[in-house]
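Student: Take a look at the following structure, please.
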Amino acid sequence: MLARAKRQNWLVRMFFGLLLLAGLLLFRDYGVSVDEPTDHHNGAINAKYVAEQLFPALLPADADLRRIPPLASNKNNDHGVLFELPVAGLGRLLADGQPGHYFLLRHLCVFLTFVGGTWALYRLAWLQFGHRLAGLLAAALLVFSPRFFAEAFFNGKDIVFMAFFTLAMYTLARLLQRPTLWWALVHGLATAAAIGLRLPAFIIVAFTVAGVGLLAAFPGPNDTIPTRRLARMLAVYGCATVLGTIACWPYLWEAPLAHFLEAYQSLSRYGWPFSTLYLGQFVPAAQLPWHYVPVWMLITTPLPYVLAAVLGVGASVRQILRQRFSMARTLPGRLHLLTLGWLLGPVLMVIVLRSTLYDGWRHLYFVYPALLLLAVRGLLLLGRAAAQPRQWVRHLATALLLLLGGETLRTVARIVQLHPYQHLYFSFLPARVAEQQFERDYWGLAFRQGLDWVLAHDPAPQVTVASDVPDMVYANAFLLSASDQARLRRVPAAQSAPPARYFLANYRWHPQPYPDSLGTEVYTIRAGGIKILSVFRRP
């Protein structure tokens, strides 16, 4: 038994060691996503405010801090800065004033946060299924999800939020396993950290109340917990959540309740004034059909994970119908119920409330670990079926496991093939269908490679570049060398004379071919056969 535990522990350490090594080798390969300069600006504004409040003596001696706008004028105050603020501070200390160095450092920080979230998922699955290898399987499914693997290096919004949300759900599981004031405090701080990134994390409070409610209403044989103790736990949890949220969100410091309500109202009224390409039609982001999220989840999640998750959902529903409330008398049963709520609750909410969505389903990435937990349950179900005495059941389960395993290996191979554009992964759509029906590189990472090619093939002392998405040129220019930045001149695409010699086409809002008036297409970037960037050159 001890030897088996040691082997499993060695496997876990090797997995996370290799994951960290992969991150250290790959984090320099990705471009700067279009949102990153704005996110950094938000973090810098909040860092200045913290310095004003806690270290006012620093301001007169720091000209860079004085140039940063005040917090009161920040239009992104409804965005939590628990990640952006410390990363801005680290950049100030370690990036030597070089924006390119800062963004590479930021990519490394995003990846390390993703590793932390992967560890939380591993621990949560271990707790839920009672087996360390089940936890390792859940962690591996997350790492070998192509879009998540790529975005783990640059998506400081959704991937970071997913990681902190998963950590909060893990601390909730520990609270239900050991209902003590200590775990109530830890879980409250984890909830506050998630809210300090994004307001929708407030749903964790509902999950916590539901979990403690199940513990109180349906205690197991070893769950003789006085009601007064549960009430004290919830009180400690509530205080830790409120005070922790205020502490990690500087915008709340001066007027916590008023500013929190203001941020919530801003979020609920948020409107993205553009359209998104969905099923071949440009649809306003506020008018997307109900099936937008399910379709995007289906076409961007590896099919083996989807099929295994369907089995897991079926097993959970069957258990609910057969055992009814008795399943809530065990920790795994409570966690199965919470996992279903974690996956289905937010998805149903955005459908019913007709929330504004864009850029695929990235705003709901935080439900993906729940889908993977259900997938693990489905795979464990198949594993047990493969050991059944009935021959046809055993053969069918074995065939399904082999089929799912083979397709998963193909997914891993595609991660390697698509690098560094795994965020363009579509699970089963042919390239031509994906090009015509859905958005492509909405992050704009291909502009890094496009700019590198232009400046490597044009020795002119000044190289003019335009694009239909100029913010993507701006973001990726930070990773150019100082000499190339000095040669690059960005020209507005609408400028009539003289036009830029090079035009970088993104295809996000332009699925059809670009006009010949832009020049000759001299360079093309494809990911999995999908054209994601073209470079046009005029004579």
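A Cβ is built for glycine as well, from the same backbone N, Cα and C atoms used for every other residue.
What TrEMBL says about a protein is an automatic prediction, not a curated fact.
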Student: When you get a sec, could you say which of 293-314, 425-446 is annotated transmembrane segment by TrEMBL?
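Tutor: In TrEMBL, residues 293-314 carry the label transmembrane segment.
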Student: For which of the residue intervals 12-29, 156-173 does TrEMBL record transmembrane segment?
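Tutor: Feature transmembrane segment in TrEMBL: residues 156-173.
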Student: Same chain, outside the transmembrane segment (133-150) by at least 6, Cβ under 8 Å from its Cβ: which residues?
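Tutor: Distant Cβ neighbours of the transmembrane segment (133-150) are 8, 11-12, 15-16, 19, 30, 114, 117-119, 121-127, 159, 300-302, 305, 365, 368-369, 372-373, 375-376, 379-380, 408, 411-412, 414-415, 418, 420-423, 425.
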Student: Under a criterion of three or more Cβ pairs within a distance under 8 Å and sequence separation of at least 6, are the transmembrane segment (201-218) and the transmembrane segment (293-314) in contact?
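Tutor: In this chain the transmembrane segment (201-218) does not contact the transmembrane segment (293-314) - fewer than 3 Cβ pairs sit under 8 Å.
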Student: In the same chain, which residue numbers or ranges, 6 or more beyond the ends of the transmembrane segment (335-353), come under 8 angstroms Cβ to Cβ?
Tutor: 124, 127-128, 169, 172-173, 176, 200, 203, 207, 210-211, 214, 290, 293-294, 313, 316, 319-320, 327-328, 363-364, 366-367, 369-371, 373-374, 377
